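Copied from TrEMBL, the annotated features are:
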type	residues	note
TRANSMEM	12-35	transmembrane segment
DOMAIN	15-218	domain 'Cytochrome b561'
TRANSMEM	47-71	transmembrane segment
TRANSMEM	83-104	transmembrane segment
TRANSMEM	116-143	transmembrane segment
TRANSMEM	155-177	transmembrane segment
TRANSMEM	197-219	transmembrane segment
Amino acid sequence: MAGFPGVKVAPFTYVSHVLAVASAAMVLVWCIHFRGGLAFESTNKSLIFNIHPVLMLIGFIIVGSEAIMSYKTLPLSHEVNKVIHLTLHAIALVLGAVGIYAAFKFHNESGIDNLYSLHSWVGLGTICLYGIQWIFGFVTFFFPGASPTLRGKSLPWHVLFGLFVYILAIATAELGFLEKLTFLESSGLYKYSSESFLVNFTALVVIFLGASVVISAIAPAHVDAPQGYSSISEN
Ligand code: HEM
Ligand code: HEM
């Protein structure tokens, strides 16, 4: 996409990588150190739940972020980048689906109702739209591939809808962090504890990650004609 001429993309992709690593480390410290670890099978059902934030953040959002930025970050041919873009999005989708399965498994084995919250509704909608976006992208740009005219016409919609779904994923994760921390605080966790700060700061880092990924996508790949500051002429 060639919006915002003069904005250099590289600093935003570097910042995104740093924020991705930071948020991944933070969610792991939270779920492993503070919440007791991760398990698919356990009598301690909270360990099953812990898989959910870890896979939704690292698997779905961070792998999805790298997929979106791949055209800008990798010095490879367009055809190779396309395969990397669609493969990373497929991995994000699968890890996201497993992460949601873990949330359902935790609810079912703990006798808790399913799909009662705004977080769960927006989350399920997001992953469904992500799947639809992937299928449309694959059929239009990869196999069998639409005509060059249709591809050209579809691309801005692909980018727009892709960013919309990505922002929805970020918003869902924010609702998830808020909801889980509220549950923990209402069952006794001190509101100014180091764990509470860690969860809130993780959610903040995820907001900045989302912003820098979106800017990376809408900034042009090359700044052909650098546009320096020039004062408004006085006639
Ligand atoms: C884009 C990322 C995410 C998506 C798509 C997503 C989706 C979902 C879905 C569909 C459920 C419903 C499961 C059920 O009803 O059995 C759920 C539950 C839950 N999720 Fe997430 N989630 C995401 C990220 C997170 C994160 C980062 C947290 C942080 C802890 C979180 C916390 C929760 C909690 C506490 C529940 C159980 C309560 C509820 O159903 O609302 N989620 N999630
Ligand atoms: C849920 C899955 C997907 C999402 C969220 C998504 C999102 C995006 C976004 C945001 C961009 C803009 C990147 C930029 O301009 O820097 C983009 C570009 C593109 N995507 Fe996807 N995409 C998805 C799946 C696919 C698939 C399966 C294909 C099939 C090959 C595909 C092909 C492309 C192509 C050809 C471009 C244009 C790259 C260019 O500017 O030359 N996408 N996608």
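Heads up, the Cβ atoms here are built off N, Cα and C, so glycines get one too.
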Beyond the flanks of the transmembrane segment (12-35) by 6 or more, those residues with Cβ under 8 Å of it: 46-47, 50, 53-54, 57-58, 62, 65-66, 69, 72-73, 195, 198-199, 201-202, 205-206, 208-209, 212-213, 215-216, 219
Contact between the transmembrane segment (197-219) and the transmembrane segment (47-71) (at least 3 Cβ pairs under 8 Å, separation 6+): yes
For the domain 'Cytochrome b561' (15-218), the mean pLDDT of the predicted model: 98
Among the ranges 83-104, 116-143, 155-177, the one whose Cβ pairs under 8 Å to the transmembrane segment (47-71) are most numerous: 83-104
